[in-house]
Amino acid sequence: MTTWVIKIGTSLLRGNDKYTTFDVINDYCSYISKAQRNGDKIILVSSGAVGLGCHQMRFKTRPKEIISLQASAAIGQLHLMALYEKAMSSFGYKVAQILLTRSELGSRNSYNSASQTLKRLLEWDVIPIVNENDITSDEELKYGDNDTLSALVATAISADQLILLTDIDHLYSSDPKINSKAKPIKDINNSKELNNLELANEQTSWGTGGIKTKLTAAKIATESGIKVQLADGRDPKILGELLDGKKIGTVFHPNPNPIGNRKSWLAHAIKPVGEIHLDDGASEAIKNKGASLLLVGVKKVSGDFIANQPVKVINTEGEEFAKGICSMSSDAIKIGINSRSETTGSPLVIHRDVLVLTSE
C-alpha cells in the first residue's frame, strides 16, 4: 500500500467546449479510484476555486484585487467540490472537503488535528480534497498555488509520495522558453543538489513564481523522507502512469535520514514571531553538536514575544540557521542578558528537541 498526496494545479483544470472542467476532473478521478481499489490511499490537493468562481460570474478577466479573488474563491469552491463529488461518486467513492491555511498549520494543536482527521478519512476509504482557505488567507492567491500546502499535508500524514502535477514536463536547468539549450532535469538526488538548484534559479525569472514554490515544496517533503515527482498533468493519463509506478518528469529523491514530523513542522509550518541572535560559540554548538541554546550564548533579541512561541535563530553573520520554540519571553531574555554576571548557571532558552536547523 502506498499513501499518495497529489497536487493538481489551477491551469490543469481549465476545460473548453469539447473537454470541460468536469471531463478533466472525471478523468483524474478514474485513475485515483483505480489506485484506491488496488489498496493505495490518496489525498488530493486541488486548486481551481478562483478560476471556477470567475467562470461562474462570467468575468472576462481574472480580478486583480485580493478581496475579489477571495470572493471568487468562495463561489468557485462550492462548484469545485460538486464536480469532485459527482466524479468520485460515479466510481463508488466518497469525498471530504478540507480547507486549511498556513497559519492554522503553524499551530501544533491544529497541525495534529488536521493530521488525525486526514488519517481517519483515509481509514474510512474517503478521498480528502484539500484546498487553501482563500477566504481567510491570501497566501495561495499571491504566491503558491497550493504547492507548499501539499508538502505540509504530505508531511502531516507521513505520506510515501507527493506528486506535483503541472503544465511542464520536467524541471529544466533554465527557462526553456528563453534558452533553447536548457536541459531537462530527471533526478534531484539529495538536498545539496536541490539547494544548488534553488540558488541557481533565484537569479533568473525561471526561479520565480510557480517553479520557486515547487522547489520549496520538494524541499519540505524530501527532508521528511517523502519522494516527490513533478510531471506534466495536462494529459490525465500521466497520473495513472505515475500511480502505477512509472518514472515520469523530475524525481526528487527522499532524504535517507529524514528529520521527522515534529522537526519538519518546526522548520516549515511555523511562522516565527521574533529573532534570537547568538555568538559564534553558541551557533557552533547548535550546528555541530546538536546542543540546546542557553542564555549565555545569546547576544540580543528582536521582536516581542511570550514564552513558548516560535523564533528564528540568527548567527553572527545575520543569517538565519535554525528555528525553535523559545522557553523564555523576549522581555525575560533581555533582563537575563543585562544581569548575566549576577546569575549562577545559564537558563535554557530553546531545548534541542524543539530546535531545528534550517540551513547547512
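Placed from the backbone N, Cα and C atoms, the Cβ positions cover glycine too.
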Substrate binding, same site as SER47, ASN146 - Swiss-Prot member from ASP40, ASP134: ASP134
For ILE211 (ATP binding site), the number of other Cβ atoms found within 10 Å of its own Cβ: 22
Distance from ASN146 (substrate binding site) back to THR213 (ATP binding site), taken between C-alpha atoms, in Å: 9
Residue, out of the binding-site residues ASP134, ASP167, whose Cβ gathers the largest set of other Cβ atoms within 10 Å: ASP134
Helix, strand and coil totals (DSSP H, G, I; E, B; other) for the domain 'PUA' (273-344): 25 helix, 24 strand, 23 coil
Least Cβ-crowded entry, counting other Cβ within 10 Å, from the binding-site residues listed as SER47, ASN146, THR213: THR213
